[in-house]
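Going by Swiss-Prot, these are the annotated features:
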- 11-31: transmembrane segment (TRANSMEM)
- 53-73: transmembrane segment (TRANSMEM)
- 93-113: transmembrane segment (TRANSMEM)
- 127-147: transmembrane segment (TRANSMEM)
- 159-179: transmembrane segment (TRANSMEM)
- 188-208: transmembrane segment (TRANSMEM)
- 243-263: transmembrane segment (TRANSMEM)
- 276-296: transmembrane segment (TRANSMEM)
- 316-336: transmembrane segment (TRANSMEM)
- 357-377: transmembrane segment (TRANSMEM)
- 386-406: transmembrane segment (TRANSMEM)
- 418-438: transmembrane segment (TRANSMEM)
Amino acid sequence: MQKYLSEARQLLALAIPVILAQVAQTSMSFVDTVMAGAVSATDMAAVAVGTSIWLPAILFGHGLLLALTPVVAQLNGSGRRDLIAHQVRQAYWLAGMVSVLVMIVLYNAGYLIGSLHNVDPLLSQKAIGYLHALLWGAPGYLFFQVARDRCEGLSKTKPAMVVGFLGLLVNIPLNYVFIHGHLGMPALGGVGCGVATASVYWVMFIVIRAWTNRAKSMRDIQLPQRFSAPDWKAIGRLTGLGLPVALALFFEVTLFAVVALLVSPLGIVNVAGHQIALNFSSLMFVVPLSLGVATTIRVGHRLGQGSAEQAKVAAWTAQGIGICMACITALFTIAFRERIAQLYADDPEVITMAAQLMLLAAVYQLSDSVQVIGSGVLRGYKDTRAIFFITFIAYWILGLPIGYLLGMTNLLLPAMGPAGFWIGFIIGLTSSAIMMIWRMRRLQRQPNATVLARAAR
């Protein structure tokens with residue numbers, strides 16, 4: 001029991017700064033929406049539409065770079081710190097190449113927005129302008145993620161937390177300047193949010209890079225100042241490890257986007273209730289997501305130390321903590337669902353719909369916790385292909401089709417509207433949780449030599 005308590009303390013010490021960093025990042029999006037909404041409803045809608053395109057594109061790159069965390073953790077645990085700088089340099093090369101692709105996608109997003117039916121021309125123009133401003137922040141965001149993954153792989157999660165809140169503090173005045181036109185700048189409205197956010201991402205990268213250059217704990221793994229050509233073999237390994245995670249993130253983000261589109265013809269009450277429940281459950285998701293990041297670090301570090309048994313302890317301790325926290329957040333959601341809905345809206349019908357959907361959201365928080373921490377465990381074991389297949393099957397083969405049948409058709413039951421899709425979420429996430437646990441157990445039953453050899457690749 002003592003080894004589990006000791007591991008729990010170390011996991012929480014890593015996870016709490018990650019939770020706060022995620023809160024800071026989520027708050028930036030909230031601030032953008034509120035400050036754009038103060039100009040006009042059109043500006044707020046333009047930011048919302050632009051963000052719905054930005055997120056899948058940038059999270060694909062983010063997922064690709066998550067491969068760096070277990071690589072650094074394993075090298076650090078095995079005492080091969082001299083190899084870390086080379087891996088980080090290749091991750092910067094990878095981030096630069098992915099940035100170009102993301103920028104091309106965002107620059108041409110106008111074709112996607114234009115293909116949507118009945119979109120107000122002014123909204124379309126502002127959304128495209130927002131994306132064209134924001135795309136210049138893509139390299140800064142991805143370079144920041146490389147520096148963050150480097151720190152987290154070394155069990156240093158506080159720098160990203162501090163820099164995240166610094167970014168939030170910088171974002172507010174920059175929004176004010178570019179949205180309303182101060183200090184000689186033109187008033188750009190919602191487009192100004194894109195300019196401000198892109199600038200903030202570069203500020204965050206510069207600050208965290210400066211910190212890593214000066215940190216005493218990282219002096220032995222400083223990046224060489226001279227130019228070095230990309231190591232395509234190392235980049236290929238990082239891509240092979242990160243691509244399944246990137247695709248899994250893409251599947252998840254696009255799933256919720258597709259459901260939002262499918263719910264949209266069901267009327268304002270249904271759409272608003274669905275959006276409120278989804279927004280609140282996304283806030284609750286920050287806790288298990290951060291635990292998943294901490295679990296990747298601990299499992300990778302233990303495997304680097306050559307202890308498959310201690311990696312197993314880290315994995316199951318994280319699942320235990322996650323289930324306990326999910327029970328707390330689920331009970332909180334059930335107890336205060338109506339009051340929470342009232343924070344978002346004052347329409348009684350919308351509040352009732354949101355409160356009903358939050359009951360379903362409370363149910364899926366348990367499965368969501370198990371599956372996202374399971375994904376963190378598998379990343380630590382460098383078994384990322386399994387994450388891709390599990391996510392695809394759970395979300396797109398099971399969750400979405402069942403949700404559509406229950407929500408929009410009478411084939412199984414009378415059409416349930418948004419509730420049907422939420423039942424689909426529960427089925428998909430529960431399936432994912434079961435498959436993640438099955439995969440964890442299968443990996444842990446393999447000979448220690450096999451597990452350690454995979455981790456050392």
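Cβ coordinates are placed from backbone N, Cα and C, and glycine is handled just like the others.
Residues of the same chain lying 6 or more positions beyond the ends of the transmembrane segment (276-296) and with a Cβ under 8 Å from any Cβ of it are 11-12, 14-16, 18-19, 21-23, 26, 66, 69-70, 73, 152, 157, 256, 260, 314-315, 318, 321-322, 325-326, 329, 333, 340-341, 344-345, 350, 354, 357-358, 360-361, 364-365, 368-369, 372-373, 375-377, 379-380, 422. At the 8 Å Cβ cutoff, the transmembrane segment (11-31) and the transmembrane segment (357-377) share fewer than 3 close pairs (sequence separation 6 or more) and do not count as touching. For the transmembrane segment (316-336), the most Cβ-contacting stretch among 159-179, 243-263, 357-377, 386-406, 418-438 is 357-377 (pairs under 8 Å). If one looks beyond the transmembrane segment (357-377) by at least 6 residues along the same chain, the residues whose Cβ comes under 8 Å of a Cβ in the stretch are 245, 248, 273-274, 276-278, 280-281, 284-285, 287-289, 291-296, 299, 315, 318-319, 322-323, 325-327, 329-331, 333-334, 337, 340-341, 387, 390-391, 394, 418-419, 422-423, 425-426, 429-430, 432-433, 436-437, 439-440. Across 53-73, 188-208, 243-263, 386-406, 418-438, stretch 188-208 shows the highest tally of CB pairs under 8 A with the transmembrane segment (159-179). Against the transmembrane segment (53-73), the recorded stretches 93-113, 188-208, 243-263, 386-406 differ in Cβ pairs under 8 Å, and the greatest number is found for 243-263. Cβ atoms under 8 Å from those of the transmembrane segment (386-406) belong to residues 243-245, 247-248, 251-252, 255, 258-259, 262, 371, 375, 378-379, 412-413, 415-416, 419-425, 427-429, 431-432, 435-436, 439 of the same chain, restricted to positions at least 6 beyond its ends.
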